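A.B. asks: Among the features that TrEMBL reports, compositional bias 'Basic residues' is placed at 1-10. Feature annotation from TrEMBL assigns compositional bias 'Basic and acidic residues' to 46-55, 98-113, 147-163. Look at TrEMBL and you will find 56-65 tagged as compositional bias 'Acidic residues'. Positions annotated as domain 'Casein kinase substrate phosphoprotein PP28' by TrEMBL: 81-158. Sequence annotations record features per position, and here TrEMBL assigns region 'Disordered' to 1-113, 147-177.
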Amino acid sequence: GRKGGHKGRARQYTSPEEIDAQLQAEKQKAREEEEQEEGGEGATGDPKKEKKSLDSDESDEDDEDYQQKRKGVEGLIDIENPNRVIQTTKKVTQLDLDGPKELSRREREEIEKQKAKERYMKMHLAGKTEQAKADLARLAIIRKQREEAAKKKEEERKAKHEAAMAGRRLQSLSLNK
């Protein structure tokens, strides 16, 4: 028999209720730390802050104040990196859909390429490009050659017809004798 490997053994999944309980506990802990930082003014402080600590259903304000748990030594060291982009979430009401949309470099280049192609095609159809001029010259040469070939063919056909008529006349004359 074959025994299974170490992978997949004893998987434990947390239920959504446990996750919610952990988040509530973390929020409560953060509130308590905030109150301690204020210097113990919980009872004599603002009525708004007392209302906030008593009312746990207002998760909108709590989510804004709550910071994500930092990884590694991020919490210990303050980094001032001017190149670091801090991601900020925008609400739907803050989005500016009416403003001018800035195109990326690739999009701008693609649009410029299409416009250049359209300009070239207009010039080409008008016969102003070098390629169009070369095509028209070639076309004129071909037309001339075909015209000459048609004339030559017509002359040969007429000559054949004349020869055939002359041959018939000779036969009719020889028969009449």
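Quick reminder: no glycine exception, Cβ is built from N, Cα and C everywhere.
Automatic, uncurated: that is what TrEMBL annotation is.
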A.B. asks: Sort out the residues at least 6 away from either end of the region 'Disordered' (147-177), same chain, that have Cβ-Cβ distances under 8 Å to it, and list them.
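C.D. replies: That would be none at all.
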A.B. asks: Looking only at the domain 'Casein kinase substrate phosphoprotein PP28' (81-158), report the model's average pLDDT.
C.D. replies: 89
A.B. asks: Could you break down the residues of the region 'Disordered' (147-177) into DSSP helix, strand and coil, giving a count for each?
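C.D. replies: Each residue of the region 'Disordered' (147-177) counted once, the result is 30 helix, 0 strand, 1 coil.
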